[in-house]
Amino acid sequence: MPDQQLHRARMASSVAATLISLACGTNYVYSAWAPQFADRLHLTTTQSNLIGLAGNLGMYLTGIPIGLFVDNRGPRPAVVAGAVCLPLGYYPFRLAYESASGSVPILCFCSFLTGLGGSMAFSASVKTSAMNWPHHRGTATAFPLAAFGLSAFFFSLCGSVIFPGDTSAFLTLLAVGTFVLIFGGFFFLRVYPHTPSYQALPHGGPGLSDSQRLRRTSSEEAKHPRPSPLGSPVRGNPEVEPGMSTPTTYTTPATTSTQADAEAGSGEPSTSGAPHDQTDVEAARPPSPPVPRNPDEIEDIDETSSLMSRSSSLPGDVLVQSSVDMDRSHRVDIRGWRLLRNLDFWQLFAIMGILAGIGLMTINNIGHNVIALWERYDNTVTEQFLVQRQQMHVSVLSICSFSGRLLSGVGSDFLVKVVRASRVWCLVIASLVFFIAQIFALNVVNPHFLGFVSGLSGLGYGFLFGVFPSIVAETFGIHGLSQNWGFMTLSPVLSGNIFNLFYGWVYDSHVVTGPDGDRQCNDGLDCYKNAYYATLVACGVGMAVTLSTIRHQYKQWLREEEGKGAAED
C-alpha cells in the first residue's frame, strides 16, 4: 500500500477510534439520570451508588481479560462485543423506569454490562491508535481518550436538546446511540503497518559487507514470500490478520550462507518460522534489535545503504531496523507475572487507584451535590430545573475531562521530546487539580459556584487518564499494552467502591424520609461535606506517591546511563 494511501487509512482508523470512544464513556453520564431514576424506584443513595459502581466494575474489573483478548485476537472482535453489550445494558433501565420497579441486583448486572461494553470497545480503540502512530503515541491516544471523556457531554447535550427533562427517552438514546456509534466505527478500525520488513537472500558474495543494496518487492511477494530452504516462512513476515493490508517488504543479500542453511546442516528447526507474538499488527520487528549506523537514512529504501551491525554475527540477519523499534516501548515487554513483580507497576497502580477514586466519587455523585445545594438554596426549584442543572454539571465534567485528556496526551509528548522530562509529571498536575477541586467542594455553599467542583474534578480526571496509557506503554512495552492497562484499571475498582460507598453513607445519614417514601436532604453542603474531607487527605497521599515515582524513575535512568557509559568504555 503506498505511503500516502496508508497515511489516509491510518487517519480514517483514528477517526473511527475516536467515534467509538465517544460511545464508551457513558458511565460518566450516570449522574445526569441516576437521581431521578432512584426517586422513581424509591432507592436510597447507597443503592443508587451500588448500581453506578456496578458500571465501574464492568469498566475496570474486566480490564485484564479484555486486554488479553485484544492483544491476542485483535481489536475488531472486541468492538463488536462492545456494540452488543451497551444496548443490552441500557434498555432494561428504560423498562424499569417506565414500570417504576426493578430488582437492584438485576439493575446492577445491567449496569455491569454497560461498563463491560464500553471497556471492550474503548480498549480496542486505544490499542489501535497506539499501534498506528508509534512516534506520536501520546497525541494519537489522546484523541480516543479525550472522546471517552467527552462522551458524557455529548449524550447529555443530545438528551437536553432532543428530550429535555425526559429520563425515559434519555435512556433510550443511550441504548441506541452507543450501538450506532460503535458499530459504525467498526468498519474503519484497523491496525496498519508502520515499518518495512526485511528478508535475507540466501546468497551473497565478498565485498558486500560495508554496503548492501536493498531491493523493493511487490505487494504480492510481501503477502506470499518465497519459502526458505526448509520451507519455513522468512523472517520478518508476521501473522497478518485476514482482510488487512500488508506492508511493502524489502530484501537484502546475505554475505554468506543463510541461517536456514546453517540450521539445515545442524538438523535443528528454523527459528525464523516461529509465530510472532503480536497478531493484530501488520508489521513485524526482529527478535534481537540491531543498531543501524544512521537511523535517518532508513526511509531511503531505493539507495545503497550501509547495513553494518555490531550486535549480530549471523549472516543474513536483518541489519536495518526502523526507528519505531528503537523506541523503548517496542524494546521492552513486561507483562503477566513479571509485571506484578515490578516496583514501577505498584507505584503506578497506587497512583491510579487514589486519583481515579477521588474523581469517580464526584463524577458519580455530582447530581446529588446539585440537589443538596439547590434545595437548601431555593426550596421552590422544580424537578425539571434540577434535571437541567444535573445535565449541565455532567456536561461541564465531560468537557473538562476532554480538555484534560487532550492536554495531558499532547503535553506528555512535549515533556518527553522537548523538555526531556517524565510523563509522570502530568500526574503531578492531576493531583494538584484534584486538591483544588476538593477545597472548592468543602467550601461552596452557593450552587451557582458548584461548577468549580465539577469542572476541576473533570480536568483532573482527564489529566490522569489522558496520559496513563502512554506511561504504561512506555514503562512496560506496547505489545502487552491492553492487558497491562487491564491490570492497571483494577485499582479504581477498590478505591472507587470505597469513596462512593462512603459518600452514600454520609449522604444517607442526613436524609429524611417523608410519609410518601420520598427521600430528601435539607442540610445543603453538610449532606456530603465529610466525604470530601476523606478525598482531600487522599490527594495528599497521591501527590506523595507520584513524586516518589518520579524520583525512582530518575534513579533508574541514571543507572542506565552509567551502564551505557561503562559499556562504551
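Even glycines carry a Cβ here, placed using N, Cα and C.
Residues or ranges marked as transmembrane segment in TrEMBL: 12-30, 50-70, 103-122, 142-163, 169-189, 345-374, 424-443, 449-473, 485-506, 531-550. Feature annotation from TrEMBL assigns region 'Disordered' to 200-298. The compositional bias 'Low complexity' annotation in TrEMBL covers 245-258.
Under the criterion of 3 or more C-beta pairs below 8 Å, with sequence separation of 6 or more, the transmembrane segment (424-443) and the transmembrane segment (485-506) do not qualify as touching, having fewer than 3 such pairs.
Note: the stretches the transmembrane segment (169-189) and the transmembrane segment (12-30) are in contact (3+ CB pairs below 8 A, sequence gap of 6 or more). Against the transmembrane segment (531-550), the recorded stretches 12-30, 50-70, 103-122, 345-374, 485-506 differ in Cβ pairs under 8 Å, and the greatest number is found for 345-374.
A contact between the transmembrane segment (12-30) and the transmembrane segment (142-163) is present, since 3 or more of their C-beta pairs, 6 or more residues apart, lie under 8 Å. Here the transmembrane segment (142-163) has Cβ contacts under 8 Å with residues 14, 17-26, 28-29, 32, 122, 125-126, 129, 169-170, 173-174, 177, 388, 391, 394-395, 397-399, 401-406, 408-410, 458, 461-462, 465-466, 469 of the same chain, all six or more residues outside its ends. Beyond its flanks by at least six residues, the transmembrane segment (50-70) meets 27, 30-31, 34, 43, 77-78, 89, 104, 107-109, 111-120, 123-124, 127, 280, 360, 364, 480-493, 496-497, 500-501, 504 of its own chain at Cβ-Cβ distances under 8 Å. Residues 126, 130, 137-138, 141-142, 145-146, 148-149, 329, 348, 352, 355-356, 358-360, 362-363, 366, 369-370, 373, 393-394, 396-409, 411-412, 423-424, 426-427, 429-431, 433-434, 436-437, 440-441, 481, 484-485, 488 of the same chain lie 6 or more positions beyond the ends of the transmembrane segment (449-473) yet place their CB under 8 Å from a CB of it.
A Cβ distance under 8 Å defines the sequence-distant neighbours of the transmembrane segment (485-506), meaning residues of its chain 6+ beyond its ends; these are 44-46, 48-50, 52-53, 56-57, 59-68, 119, 123, 126, 339-340, 345, 348-350, 352-354, 356-358, 360-361, 364-365, 368, 468-469, 472, 527-531, 534-535, 538.
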